[in-house]
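All remarks here apply to the structure that follows.
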């Protein structure tokens, strides 16, 4: 109850100020006193958990005196913040339908009703509300941002692109990153139906929106591979190392396939060496170790792995080093113990999440471009360090 009382303090202050000003007018003193008593009665209903009676009383007061609009807007927002969305909708809907509101007040009511519908998951109704505000100077950016949330929630990617492009024109350049992702989402739909040409057209638009989009480059690489154009796939996938080196590990298996198809094993080793030098993660180190072992022998690979473990210690590289030691160990209890230890390390590596959102900390075993927790784009990266990649 005390929590609710504190939540009501802004409403009481606003209404008290208003009633004090109105009460100064002697000819309306009686009316002010009656409305003040009604307001206190409404608060009492709230404090006694009779919220519906309180809402009815406040709405009746609104019909008699539109000077309480701001107080009612605040009250509706309080209900929404407490999860009582139905009551918030009742209040804001009644406000919006009131014939005595000023133009500005009506826009405020529409805005808050749209947020109520968003909170209730009624996206079609919320969309209708915010569309009414997109041509209003003081409400335009906020309404477009709300619409952008709606279209992402409903996977209406072309609408999301249209809204985001309007925001870019209004100075919100950060939306370019999201626009590239929206084009990628559309491209995925066409890739699923084997319409690779249309998918590539969409990806090029994504690249135009954000030239640093690693996701666009990775998806272009996949499309080129599907079309058998391995040289172009290599060109696209290699761009990632300059766009976002933390995501290079997502390209390595595809690049390995492309270089094999092209018969360019030396160039593949050179790229891995570059990836290792730029500290892109354990995947590149382990792949290069395999090449060194095949070319120069197990001992050379072990020396290389030991050096990398000293520079950038990770459990995955340590697990690889244990494999080399096991291959050299003589049969006996020492080797058996080493095998147990290696298996324990391997299980730990497999059980650890591979990715983490840099914004909210959400962890996952697969890469998400759109964080399921905080809904941010491009914030999930491979985990680095001892337990990471």
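These residue numbers are counts, starting from 1, taken along the chain as shown.
Using N, Cα and C of the backbone, Cβ positions are placed for all residues, glycine too.
Pulled from Swiss-Prot:
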- 357, 360, 371, 374: Fe cation binding site (BINDING)
- 35-68: repeat 'TPR 1' (REPEAT)
- 69-102: repeat 'TPR 2' (REPEAT)
- 107-140: repeat 'TPR 3' (REPEAT)
- 142-174: repeat 'TPR 4' (REPEAT)
- 180-213: repeat 'TPR 5' (REPEAT)
- 214-247: repeat 'TPR 6' (REPEAT)
- 249-282: repeat 'TPR 7' (REPEAT)
- 21-389: topological domain 'Cytoplasmic' (TOPO_DOM)
- 1-20: transmembrane segment (TRANSMEM)
Close approaches to the repeat 'TPR 5' (180-213) from elsewhere in its chain (Cβ under 8 angstroms; 6 or more beyond its ends): 155, 157-158, 160-161, 164, 219-220, 222-223, 226-227, 243-244, 369-370, 377-378
Cβ neighbours of residue 357 (Fe cation binding site) where a neighbour is any other Cβ within 10 Å: 18
Cβ-based isolation winner (fewest other Cβ atoms within 10 Å) among the binding-site residues 371, 374: 374
DSSP-derived helix, strand and coil totals, residue by residue, for the repeat 'TPR 3' (107-140): 24 helix, 0 strand, 10 coil
Long-range Cβ environment of residue 360 (Fe cation binding site), under 8 Å and at least 6 residues apart: 371, 373, 374, 376, 379
Cβ-centroid neighbours of Fe cation site 357, 360, 371, 374, 8 Å, sequence order: 358, 359, 361, 362, 372, 373, 375, 376, 379, 380
